[in-house]
Amino acid sequence: MKLLRLGHYYSHHCFLPRRRLTSTVTSIPKICIVGSGPASFYTAQHLIKTVPRVEVDIYEQLPVPFGLVRFGVAPDHPEVKNVINTFTKTAKSPQLRFVGNVTLGRDLSLKELRNAYHAVVLAYGADKDRELGLKGEQLGNVVSARRFVGWYNGLPCDTDFPVNLDVEEAAVLGHGNVALDVARLLLTPIDKLKSTDITEHALEALSRSRVRHVKVIGRRGPLQVAFTIKELREMLNLPDCITVCNPFDFETVRSAVPNLERPRRRLTELLCKAADLSPSGNVDSNSRQFHLVFFRSPLSFQPSPDVPDTVGSMQLEVNQLDEQQHAVPTGSTETVQCGLVLRSIGYRSTQADPDVPFDIDRGHIPNISGVVQPGLYVAGWLATGPIGVILSTMTQAFGVGRAVEADVSSGRVDVSQARPGHTAIGKLLNDRGVTTVSWKDWERIDAVEQSRGKNVGKPREKIVDINEMLAVSVGTGGT
Ligand SMILES: Cc1cc2nc3c(=O)[nH]c(=O)nc-3n(C[C@H](O)[C@H](O)[C@H](O)COP(=O)(O)OP(=O)(O)OC[C@H]3O[C@@H](n4cnc5c(N)ncnc54)[C@H](O)[C@@H]3O)c2cc1C
Ligand SMILES: NC(=O)c1ccc[n+]([C@@H]2O[C@H](COP(=O)([O-])OP(=O)(O)OC[C@H]3O[C@@H](n4cnc5c(N)ncnc54)[C@H](OP(=O)(O)O)[C@@H]3O)[C@@H](O)[C@H]2O)c1
C-alpha cells in the first residue's frame with residue numbers, strides 16, 4: 001500500500017525537468033552511500049555532477065574499494081576492470097569522501113546514518129550465495145562458487161577457503177556467467193594466469209591442480225542458459241581443451257533458432273556449433289574436457305569411498321521442460337563421479353541492519369526506481385537482485401542518482417537544515433575504536449600492491465589480510 005502510494009507520487013514527480021522546484025537550499029546537501037561497488041560510484045558520480053555543493057561520503061566494509069570489480073570480475077578479464085579509472089576520478093573529487101573498513105550493521109546503524117545525513121543510499125550488493133538444501137551438501141569439497149571466486153580474487157574472508165584441487169573430476173552447478181568463470185579458471189593453462197592479478201595462493205594451488213574434466217550442469221536446456229556469448233566463446237577456445245555436449249539435448253533447438261532475438265540467436269548458434277563439433281565416441285580421458293550438461297538437477301551428494309567426509313559422486317535428476325519452460329523431473333536419475341562440486345546458482349543480499357526494509361523472499365530492498373522512501377534509496381544488486389553486468393548496474397545507479405537529485409531539488413528531501421554528516425559519524429566511529437581508511441590510505445595500499453605485482457610480472461599482488469591492509473594504509477606495512 002505504502003509502495004503503491006509512493007509509485008503514484010514518483011510517477012508524477014520523479015522525472016520533472018532538472019530545475020529547482022520548491023525548496024530553498026541553504027545548507028550543504030549531505031548524502032552518504034553504503035558500499036563502494038559500481039552502484040555506489042555511479043550514483044556518486046551522478047550526484048556530484050548534478051546536485052550543487054553536494055557532499056557525498058562512501059562507507060565501505062572493507063579497507064579497499066570497488067566491490068565485485070575487485071573481488072568478482074575474473075583475473076583474466078583485466079579490460080573489465082578499467083571502470084576503476086572512472087571510479088577513481090569520482091573519488092578524487094573534493095566533494096567525495098571514502099571511508100573504508102566501516103560496516104553498516106556492525107560499526108554503524110542505519111538510524112545513525114539517517115540522522116547524520118539528508119539522504120542515505122544503500123548499495124551494499126549481494127555478498128552471500130544461495131544454497132540447494134540437499135542431502136550431502138555439507139560434505140567436504142561441495143563448495144560455493146562465490147567463495148571460490150573470493151579465494152582466487154583475494155577477498156580477505158576467503159583466503160583460507162578449503163578447496164581441494166587434488167581431484168580429476170569437478171562439477172559446476174548452474175548455467176550462469178559465474179559458472180563459466182570458475183570452470184574457465186579450473187581449465188585454463190596455468191601460464192595464462194601467471195600474468196594476471198590472481199592471488200598468489202590460488203595461483204600456487206591451481207598450478208598443482210589435477211582437475212582435468214569439468215562438467216557444467218544446468219537444470220534446463222540450451223535455449224535457457226543464463227551465460228553470455230563472449231564467456232561461452234572463451235570456453236570453446238580454451239587451449240588443449242575439448243568441449244563435450246550430448247547431441248540429443250539439441251534435437252529441438254535448431255528449429256527454434258530463427259525465431260530468437262538476435263543475442264539469444266547468436267548464442268544458440270554457437271552452442272549448436274559446439275554440439276556439432278563435440279566428439280561422438282570415447283574421449284581420451286587424459287585430455288582436458290569441458291562438458292556442457294543440460295536438463296539435470298542435483299538431488300544429493302555422496303561421500304567418496306576413499307575419503308568419507310568428502311564428496312565422491314552426485315545423484316542427478318533428469319528433467320524436461322513444461323510449457324512455461326520450467327524444469328520438471330522425468331523420474332529418471334543418474335550418478336556422476338565428482339571430487340569437487342562448485343555450487344553456482346546465484347548470489348543473495350542480506351538485511352545489514354534491522355531498520356533496512358528488506359524483502360526476505362525476493363532478497364532485495366523493495367523500491368521504485370531506487371526510491372525506498374524520500375531520504376532513503378537503494379542502488380545496484382541490492383535493489384535489483386543479483387543479476388546484471390556493470391553496464392546495467394550503471395544504468396540503474398544513474399537512475400537512483402536522478403531520483404535523489406529530484407527529491408533534493410523539489411524539497412521532498414529537506415536540505416534547508418544543516419546535517420552534521422561525517423563530523424558526527426566520524427566521531428561515533430572514533431569513539432567506537434573503528435580504524436577507518438581514507439582514499440589517500442587506499443592509494444598507499446594500491447601503490448604497494450602494484451609494486452609487489454611488478455616484481456612478479458603481475459598488474460598487482462593483492463593484499464589479502466585486513467590487518468596488513470590497515471598497516472600498509474598508514475605506511476607501516478612494508479613495500
Ligand atoms: C563473480 C562475478 C564476476 C562478474 N564479472 C563481471 C564481468 O566480467 N563484467 C561485468 O560487466 N559484470 C560482472 N559481474 C557483475 C558485476 O560485478 C555487478 O553488476 C556489480 O558489481 C554490482 O554492483 P553493486 O555495487 O551493486 O555490488 P558490489 O559490486 O557487490 O558492491 C557492494 C559493496 O558493498 C560492500 N558492503 C557489503 N556489505 C556492506 C556493509 N554492511 N557495510 C558497508 N559496505 C558493505 C561490499 O564490500 C562491496 O564493496 C560479475 C559478478 C560476479 C559475482
Ligand atoms: N563476464 C561477465 O560479464 C559476468 C561474469 C560473472 C557474472 N556476471 C553477471 O553476474 C550476474 C550473476 O551471475 P550468476 O552466474 O551468479 O547468476 P545467474 O546468471 O542468475 O545464473 C544462475 C544459474 O543458476 C541456475 N539455478 C538457480 N537456482 C537453481 C537451482 N535451485 N538448481 C539448479 N540451478 C539453479 C539458474 O538456472 P535457471 O535459469 O533455470 O534458474 C542459472 O543457470 C549475472 O547477471 C551475470 O551475467 C557477468
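A Cβ is built for glycine as well, from the same backbone N, Cα and C atoms used for every other residue.
Over in TrEMBL, the protein carries these features:
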type	residues	note
BINDING	A39, E60, L68, L104, W381, G388, V389, I390	FAD binding site
BINDING	H175, G176, N177, V178, R219, R220, E231, G388	NADP(+) binding site
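On the structure: features taken from TrEMBL.
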residue : record               : CB count, 10 Å
E60     : FAD binding site     : 27
L68     : FAD binding site     : 23
H175    : NADP(+) binding site : 23
G176    : NADP(+) binding site : 22
V178    : NADP(+) binding site : 25
R219    : NADP(+) binding site : 22
W381    : FAD binding site     : 28
G388    : FAD binding site     : 16
V389    : FAD binding site     : 12
I390    : FAD binding site     : 20
Top Cα neighbour of R220 (NADP(+) binding site) in the set of binding-site residues E60, V389, I390: V389
Those binding-site residues listed as A39, L104, and which of them has the most Cβ atoms within 10 Å of its own Cβ: A39
Using Cα positions only, nearest of the binding-site residues to R219 (NADP(+) binding site) (A39, L68, G388): G388
Same-chain residues at least 6 apart in sequence whose Cβ lies under 8 Å from E231 (NADP(+) binding site): N177, L180, D181, R184
Listed binding-site residues adjacent to ligand 1, that is, members of L68, G176, R219, E231, V389 whose C-beta is under 6 A away: L68, V389
Mapped DSSP class for N177 (NADP(+) binding site), helix or strand or coil: helix
Binding-site residues near ligand 2 among A39, E60, L68, W381, I390 (Cβ under 6 Å): none
Closest of H175, G176, V178 to L68 (FAD binding site), Cα positions, binding-site residues only: V178
Three-state secondary structure, which DSSP defines for L104 (FAD binding site): strand
Cβ-Cβ neighbours of N177 (NADP(+) binding site) (radius 10 Å): 17
Nearest of the binding-site residues (A39, W381, G388) to G176 (NADP(+) binding site), judged by Cα-Cα distance: G388
